[in-house]
Amino acid sequence: MTERDRLDLRGLLPPNVMSSEQQIERFMVDLKRLEVQARDGPLDPNALAKWRILNRLHDRNETMYYKVLVAHIKEYAPIVYTPTVGLVCQNYSGLFRRPRGMYFSAEDRGEMMSMVYNWPAEQVDMIVVTDGSRILGLGDLGVHGIGIAIGKLDIYVAAAGINPQRVLPVMIDVGTNNEELLKNPLYLGLQEHRLDGDEYLAVIDEFMEAVFTRWPHVIVQFEDFQSKWAFKLLQRYRNTYRMFNDDVQGTAGVALAGLLGAVRAQGRPMIDFPKQKIVVAGAGSAGIGVLNAARKTMARMLGNNESAFEAARSQFWVVDAQGLITEERENIDQDASPFARKVKEINRQGLREGASLVEVVQKVKPDVLLGLSAVGGLFTKEVLEALKGSTATRPAIFAMSNPTTNAECTPEQAFSILGENIIFASGSPFKDINFGNGHIGHCNQGNNMYLFPGIGLGTLLSGAPIVSDGMLQAAAECLAAYMTEDEVHEGIIYPSISRIRDITKEIAAAVIMEAIEEDLVAGYRDVDARELQKFNKEQILEFVKINMWDPDYPTVVYHQD
């Protein structure tokens with residue numbers, strides 16, 4: 001009441017002064033009225049209704065919005081992030097009420113260096129940028145893709161404690177090849193076909209130069225760029241700017257952590273990872289990113305020399321829309337070519353160029369079946385039946401494609417065909433399976449949100465000028481080691497989303513320690529590089545914790561005793 005009197009608010013608010021906890025409770029009661037649970041998560045219309053309510057809260061009261069998100073992250077991460085964010089992007093023109101973030105378009109060429117100063121924040125720590133060309137597994141959604149950048153940054157704030165006043169969602173609109181959007185009179189973006197080649201690169205180059213000129217220490221996360229540009233842009237900028245690509249590097253890190261966890265769940269030490277036979281369905285940016293990360297890890301465990309890399313390569317069988325990729329493939333994608341099987345190898349195994357996924361699983365008898373195809377239901381009954389021949393004591397199935405409708409299979413399908421003794425992970429959330437005998441089939445969500453907040457926060461606090469492979473590797477290994485032996489034995493290879501802030505703190509600390517090891521640290525704010533290099537692990541964890549933003553109301557008026 002003292003604060004109300006000092007601010008001349010008496011009589012302008014109801015008399016009961018409600019605590020933050022009471023405000024959250026009041027909001028939750030309203031939201032719960034909509035709750036109708038379906039078999040594998042909230043019904044689509046219900047999820048969109050929840051998103052609308054949360055979005056309105058975000059508009060009214062940003063602090064309370066993040067209080068709700070942090071307190072109920074397990075429940076609402078699937079609403080503000082995958083899978084519901086996919087629905088949001090598909091319907092964004094109809095859902096749009098007020099602009100969030102910045103839009104740089106092909107029409108703005110030559111203007112970006114000045115227009116970047118239109119953003120009101122003096123300091124920006126984190127940018128998530130997309131061109132809308134490959135949103136989740138939903139394809140080209142054009143300017144609607146801004147929804148994924150907004151959702152990712154909500155997770156950065158809730159999980160990593162990045163100050164919401166210092167984040168910036170960005171849409172680079174270079175047109176769309178989605179014919180429906182080109183004909184839709186309500187579409188909010190440029191209604192022309194996508195730029196390509198040098199014209200496209202010129203737009204991205206201008207954007208990068210503009211944001212790093214105004215905010216030299218910002219970190220830019222590239223999100224949902226189509227495969228043909230994802231790798232090229234990563235290689236173009238990664239040694240010059242503080243940037244990373246979540247689809248290539250984040251997905252790879254989370255999958256790698258799960259693969260290492262699966263080795264532990266089979267009762268073997270992680271050092272046995274190079275012995276795993278892995279069939280990968282999908283050769284897009286995510287699939288190739290995982291393959292490269294897993295191969296590097298295997299090679300490092302085998303001695304990190306040329307023969308180690310060759311031995312690691314031989315543990316993967318990659319299947320795309322045209323079947324098994326071999327050296328006989330015409331017009332093979334250069335990023336996939338290192339994983340093309342040699343003709344002699346496949347002849348010995350009774351396989352051929354273009355062999356189907358079922359054939360490959362039958363002949364290879366893999367330890368792991370990894371799906372990053374964006375093709376819902378790809379792991380058919382026949383494919384799962386074939387996996388019964390696996391030589392692993394506990395075969396692992398990773399149905400990693402998002403959103404839920406694009407998952408290669410459901411946990412019910414996997415457990416019903418293969419029985420209880422498997423490891424199951426997916427990209428989107430599914431409910432655990434109760435076998436009715438006291439046993440639970442754990443549905444591990446191998447979501448990128450385990451890693452990208454910690455990678456971003458660790459890079460920010462280390463002051464590292466780039467995001468190195470070693471920093472990404474440290475993040476993945478930290479996540480893999482986070483689970484206890486008991487949890488892994490039960491088939492739990494990813495922690496509960498409810499622990500995301502603690503997980504992020506640990507991963508950020510691991511990233512900082514690796515940056516110190518690689519002599520990349522430059523310090524953050526009043527902690528310089530020399531001081532940071534002297535910190536032990538406990539001090540680094542404390543350094544991370546005190547630099548994580550909490551959604552608390554600032555004290556406006558202090559009560560005088």
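For all residues, glycine too, the Cβ spot is worked out from N, Cα and C.
TrEMBL lists Tyr81 with the feature active site, proton donor.
The active site, proton acceptor annotation in TrEMBL covers Lys152.
Summarising the annotation, TrEMBL assigns (S)-malate binding site to Arg134, Asn402, Asn447. Within 10 Å of the C-beta atom of Asn447 ((S)-malate binding site) sit 26 other C-beta atoms, taking all shown protein chains into account.
What TrEMBL records for Glu223, Asp224, Asp247 is divalent metal cation binding site. Around the Cβ of Glu223 (divalent metal cation binding site), the same chain contributes Val128, Val129, Thr130, Ile148, Ala149, Lys152, Asn245, Asp246, Asp247, each under 8 angstroms and 6 or more positions distant in sequence.
Summarising the annotation, TrEMBL assigns domain 'Malic enzyme N-terminal' to 58-238.
Residues or ranges marked as domain 'Malic enzyme NAD-binding' by TrEMBL: 248-516.
For the pair Asn402 ((S)-malate binding site) and Asp224 (divalent metal cation binding site), the C-alpha distance works out to 12 angstrom. The record gives Glu223, Asp224, Asp247 for divalent metal cation. Within 8 Å of the mean position of their Cβ atoms, the other Cβ atoms in that chain belong to Thr130, Arg134, Ile135, Ile148, Phe222, Phe225, Ala230, Asn245, Asp246. For Asp247 (divalent metal cation binding site), other Cβ atoms within 10 Å of its Cβ number 25. Cα separation, Asp224 (divalent metal cation binding site) to Arg134 ((S)-malate binding site), rounded: 5 Å. Fewest Cβ neighbours within 10 Å among the recorded positions Arg134, Lys152: that distinction goes to Arg134. Sequence-distant neighbours of Tyr81 (active site, proton donor) (same chain, six or more apart, CB under 8 Å from its CB) are Gly151, Lys152, Asp154, Ile155, Asn447, Met449, listed in sequence order.
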